[in-house]
Amino acid sequence: MVADVLLTHFNQLFCLNDPGHPLTGQEMKKATIVEDGYIAIKDGLIVALGSGEPDAELVGPQTIMRSYKGKIATPGIIDCHTHLVYGGSREHEFAKKLAGVSYLDILAQGGGILSTVRATRSASFDNLYQKSKRLLDYMLLHGVTTVEAKSGYGLDWETEKRQLDVVAALEKDHPIDLVSTFMAAHAIPEEYKGNPKAYLDVIIKDMLPVVKEENLAEFCDIFCEKNVFTADESRYLLSKAKEMGFKLRIHADEIASIGGVDVAAELSAVSAEHLMMITDDGIAKLIGAGVIGNLLPATTFSLMEDTYAPARKMIDAGMAITLSTDSNPGSCPTANMQFVMQLGCFMLRLTPIEVLNAVTINAAYSVNRQERVGSLTVGKEADIAIFDAPNIDYPFYFFATNLIHQVYKKGQLTVDRGRIL
């Protein structure tokens, strides 16, 4: 087979044998590091991988050849938890945060999520589209090729649908692949204050059926947290969403452990997000149900909290984990997955191999794209992040700098030395 593109002489390729399930426990510690590696691409797919000189049959008169001495290649990075589409920003709350006002106290004062809800409701489709596109461009420049994007800053049907429509439009227009999550249960809107059940009934009866019918989202999510939605309320919504055919995610055990992990396990959610306050019993329940723990260390960093999710304990117990940005305008205003990956080492005490497995193959399972992306594997799409680094440890050791040299998306050179092509 003659390749369309042949990428050669990488210092290292980060490869693994996809076992057909999210990596857990000791599997998280393993990878195949190919020295002097090459990747052959045809029709947007990886058709060969190896070390040294490529087989002659891969090279034809039209094959594009590129050498990458001094560089490493990983699968395209996957950010599987973002709140991509929103209006406004919340830097006006930053001084309060520095003064020690808590996240929930800011929310109780009408700020936080509710502040962004007001800004998003007043924002046009074009405004939301352009703002979200800029974030996606930034992510792409940092090596991200697939992104999960939630609604949840409308809390009414008109605005929630506008957010989902923006995600759908960007999925068509932008190189990054987007996976849509419906999260109207992100907070209790002011017009339903004191009556969350009535709001959940509106979501179940009036919103979810349309989202499913128009294929606007693949996943449904809810914020199960003190002063937001209880475990029983979360179970009520997610069980109805599951009956309608949605895959499930849940924000759980972020600030307090109130039963969200139990709901995730009972309903076999694909992932439980945050988990800073998870208990040993909660970890055991998620392992037993096969729920992926999606950890968001940049949120803990941004909130200036001391308690990070117990990633080391999770892995050692046999749990599958991912890492994501939680990109949003309040609790985590960043879109930099490289920073998150570095926090995975510095604050969660994970190794570079564990982090790379978390943000590639496990993240692919978290967004149900494991058949297409998440590993440098023959037959998968050629989503490739190329780092200006001599080995896979270097991008973690040399922190706070964008080390992306190039990005390939479906076999096309999409980012080249700080420019989107």
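The backbone N, Cα and C atoms fix where each Cβ goes, and this holds for glycine too.
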Further Zn(2+) ligand in Swiss-Prot, beside His81, His83, Asp326, within candidate set His9, His251, His405: His251
Record-annotated N-formimidoyl-L-glutamate site (Swiss-Prot): member among Tyr129, Tyr138, Tyr153 besides Asn328, Gly330: Tyr153
One of Arg90, Arg369, Arg372, Arg417 listed by Swiss-Prot as binding 4-imidazolone-5-propanoate at the site of Tyr153, His186, Glu254, Ser331: Arg90
Sparsest Cβ surroundings (other CB atoms within 10 Å) among the binding-site residues Asn328, Ser331: Ser331
C-beta crowding around His81 (Fe(3+) binding site), within 10 angstroms: 31
Non-site residues, in chain order, whose CB comes within 8 A of the mean position of the CB atoms of His81, His83, His251, Asp326 at Zn(2+): Thr82, Lys150, Glu273, His274, Leu296, Thr299, Ser324, Ser327, Asn328, Cys332
Subset of binding-site residues (His81, His251, Asp326, Asn328) lying within 10 A of His186 (4-imidazolone-5-propanoate binding site), CA to CA, in sequence order: His251
Other CB atoms within 10 A, centred on His83 (Fe(3+) binding site): 25
Span of the 4-imidazolone-5-propanoate site, taken as the largest CA to CA distance across Arg90, Tyr153, His186, Glu254, Ser331 (Å, rounded to a whole number): 20
Where His186 (4-imidazolone-5-propanoate binding site) falls in three-state DSSP terms: coil
